[in-house]
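See below for the structure under consideration.
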């Protein structure tokens with residue numbers, strides 16, 4: 001059944017206000033400061049809206065609808081780019097899901113510390129628990145349309161941790177002495193952290209699966225998708241802005257990459273907010289893992305009939321369990337959330353959302369564009385290609401530095 005533009009806009013808004021919003025005060029504002037962070041967030045919002053609208057406009061051309069990003073790229077460029085886009089999408093989703101498991105582990109650890117501050121259990125243990133819960137959820141929900149009422153729960157959980165984070169940050173900020181808002185680090189390291197933060201900015205707004213979402217929109221598809229995107233990038237970004245700015249205002253350059261670790265307040269509120277962040281993350285991961293689940297189901301032969309038949313349930317346990325085991329192992333091995341955001345932004349968000357979007361639009365519409373418009377799109381392709389390469393180098397350097405500082409399976 002096709003969805004209204006408002007329903008799709010609401011899903012997109014839920015996506016950008018996932019538990020990742022609890023990280024942006026520390027991973028965007030701290031390395032960029034007030035001016036750089038604010039200008040960067042506004043610029044990333046505008047550029048992401050523009051790039052997503054370009055992709056939305058290409059949904060119907062060549063006499064057919066393109067319901068997958070890789071199908072769209074394949075139609076424009078051919079088989080090789082179809083495969084490359086497919087690979088970029090799945091790398092993108094794998095890294096987003098790895099970040100979700102890190103977040104879920106941090107939320108569980110925060111609850112544990114509030115209840116029993118004995119530090120017996122370390123972060124990798126909680127990441128393993130989070131991966132296990134995500135796997136149980138993946139076995140129980142056979143396909144995306146079976147989420148149903150869980151989407152409503154997801155929204156409720158988001159409201160709990162967003163409101164808790166904003167209110168407690170405000171209270172903490174009012175009670176705190178003047179904060180230090182200087183960008184930390186040496187002049188050399190600041191270059192890399194600034195580039196990494198730029199990748200975090202584009203990561204914040206983009207899913208890398210817009211055509212797949214657009215496939216569910218009612219006719220007229222392009223106009224309705226544009227309405228959904230306008231909603232996402234105006235009303236939808238406000239909660240994210242509020243959490244990001246309030247957290248940085250309250251704690252300055254000492255803000256944690258997981259905001260709920262910085263705030264102080266009633267234990268029951270913090271426990272409730274962390275549990276809400278954990279549960280929302282489990283649901284969000286399932287949404288972002290669903291394209292991989294769909295591929296594995298199709299490739300390795302899920303049988304028809306009852307989704308909970310012995311064959312189908314066993315299949316899900318083995319295949320989805322295997323996929324999430326790899327996700328969880330990587331998350332526990334390198335639990336550096338900000339670095340994973342940067343890496344995802346560099347390797348997949350920049351190429352999928354900005355470079356491909358502009359170049360595909362250029363190729364498809366080349367006979368209708370003026371010389372100035374063509375130059376504009378080529379400028380976008382060039383600038384974002386340079387930024388993607390620079391961000392990849394910066395993100396890999398950050399991971400290497402953090403690995404040396406904290407070692408593998410770090411307890412952050």
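Sequential numbering from 1, following the chain as shown.
Just so you know, glycine gets a Cβ as well, placed from its N, Cα and C.
Heads up, TrEMBL stuff is auto-annotated, nobody curated it.
What TrEMBL records for 3-396 is domain 'Amino acid transporter transmembrane'.
Annotation source TrEMBL lists transmembrane segment at 33-60 (among others).
Under the heading transmembrane segment, TrEMBL lists 81-103 (among others).
Taking Cβ pairs closer than 8 Å, the transmembrane segment (123-141) reaches residues 100-102, 104-109, 112, 147, 150, 278, 281-283, 285-286, 289, 293, 313, 316-317, 320-321, 324-325, 327-328, 331-332, 335, 409-412 in its own chain, all 6 or more past its ends. As annotated by TrEMBL, transmembrane segment applies to 123-141 (among others).
Look at TrEMBL and you will find 148-171 (among others) tagged as transmembrane segment.
The transmembrane segment annotation in TrEMBL covers 191-209 (among others).
The annotation transmembrane segment is assigned in TrEMBL to 229-251 (among others).
Same-chain neighbours of the transmembrane segment (271-296): 15, 18-19, 22, 89-90, 93-94, 96-97, 100-101, 103-104, 107-108, 110-111, 114-115, 130, 133-134, 137-138, 141, 143-144, 147, 150-151, 153-154, 156-158, 160-161, 164-165, 207, 209, 212, 260, 319-320, 323-324, counting only residues six or more beyond its ends whose CB sits under 8 Å from a CB of the stretch. According to TrEMBL, the transmembrane segment annotation covers 271-296 (among others).
The transmembrane segment annotation in TrEMBL covers 317-337 (among others).
Annotated transmembrane segment per TrEMBL: 343-364 (among others), in sequence order. Here the transmembrane segment (343-364) has Cβ contacts under 8 Å with residues 47-48, 51-52, 54-55, 57-58, 61, 69, 72-73, 76-77, 85, 88-89, 91-92, 95-96, 99, 198-203, 206, 208, 374, 377-378, 380-381, 384-385, 387-389, 391-392, 394-396, 399 of the same chain, all six or more residues outside its ends.
Taken from TrEMBL, the feature transmembrane segment covers 376-400 (among others).
Taking residue pairs at least 6 apart in sequence, the transmembrane segment (317-337) and the transmembrane segment (148-171) share fewer than three C-beta contacts under 8 angstroms. Counting Cβ pairs closer than 8 Å to the transmembrane segment (81-103), the top stretch among 33-60, 191-209, 229-251, 317-337, 376-400 is 317-337. Using a Cβ-Cβ cut-off under 8 Å and counting only residues 6 or more beyond its ends in the same chain, the transmembrane segment (317-337) has close neighbours at 23, 27, 94, 97-99, 101-103, 105-106, 123-124, 127-128, 130-132, 134-135, 138-139, 257-258, 289, 292-293, 296-297, 300, 398-399, 402-403, 406, 408-410, 412. Spatially, the transmembrane segment (376-400) is not adjacent to the transmembrane segment (33-60); fewer than three Cβ-Cβ distances between them are under 8 Å for residues at least 6 apart in sequence.
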